[in-house]
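Working notes, structure below.
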Amino acid sequence: MHVNSSVLQQNKRTRLLEDSCENMTDTQRRNSYQTRQQNPEEIAETSLDDDIFDESYKEKDGPQPPRQIVWRNVVLMTFLHIGAVYGLIIITSASALTVLWTCVCYVISALGVTAGAHRLWSHRSYKAKLPLRIFLAIANSMAFQNDIFEWSRDHRVHHKYSETSADPHNATRGFFFAHIGWLLVRKHPEVIEKGTKLDLSDLKADEVVMFQRRYYKLSVVVMCFLVPMLVPWYLWGESLWVGYFIPGLLRYTVVLNATWLVNSAAHMWGMRPYDCNINPRENTFVAFSAVGEGFHNYHHTFPYDYATTPSFHLCVMKWKQWSRDHVPYIMHWLLALCSSSTPPTDVQ
């Protein structure tokens, strides 16, 4: 008997939604309802229509199109992860300064994604002056996760059509697909179609975004590979070999997987205190590795908020409220270049 694939996908989505909603307390349910009552004036200033899930979207009938594997990406990702494992093996041969430099590059890369492509350009959750935008664009090139324009476009599609065929990394297709598999196959036709219909005029009008897009390949070679490798070699005599594999490949691979965990693990495991009708979760491990981005239930409920969550207590290393205001804190620390970053009034 033939079963429609869109029906199966919808049933899987429904089962995932039900598993933790039944365990929520009355307080959590009230919070879930209250936090959906968003301030219209605030949304008008800071948010985009594409932040809001399109409930009118319907899966098309019939079988899903066959997956077309992009073998170039499969080969590149395989060798990248092999190189990262080798970097981990030889990490004991690196100097303490090189390990510290690797951590610095990790934070810079993470900021390029979370504070840059994500919170600033995808959601416009705060405003940034030109020097900060330039810094975030450079940091984003160090992260090497597609240019800002493409990253922001795909992320807007992800929010508007979350966990449907139009979602680039649809979590209902399984952990592997949501984590890395979506990068190893051609995009679903629905993803391409919906992406072409988004209003991207704000990105096109940003000279920093378009400059980075124009020179993206060169900027990636310089920022993702040459700078992490050459700085320790030039400043304290580290070998180029160690510089390439540890602050280069190992750091890059860990940042990639930390970002991917937001798409996979943070859509599958964790509590949903803000909206139990969606799959994104509050996942502390992902929040720690992805510089706060693991509080995904809050983010999908309030995509226009610059903060990752209204409150956070991390037991590990006694870091309390580490993630609450991490983006604006770091941004203000960087020469106070941020402005107009206001959290939702109903969760203050």
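Even glycines carry a Cβ here, placed using N, Cα and C.
What TrEMBL annotates here:
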REGION    18-45  region 'Disordered'
COMPBIAS  22-40  compositional bias 'Polar residues'
TRANSMEM  74-93  transmembrane segment
TRANSMEM  99-121  transmembrane segment
DOMAIN    99-304  domain 'Fatty acid desaturase'
TRANSMEM  215-235  transmembrane segment
TRANSMEM  241-262  transmembrane segment
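Where the transmembrane segment (215-235) meets the stretches 74-93, 99-121, 241-262, the count of C-beta pairs under 8 angstroms peaks at 241-262. Nonlocal intrachain contacts for the transmembrane segment (241-262), taken as residues 6+ away from its ends with a CB within less than 8 angstroms of a stretch CB, comprise 80-81, 83-84, 86-88, 90-91, 93-94, 98-99, 101-102, 105-106, 109-110, 113, 143-145, 178-180, 224-225, 228-233, 283, 285-286, 289-291, 293-294, 296.
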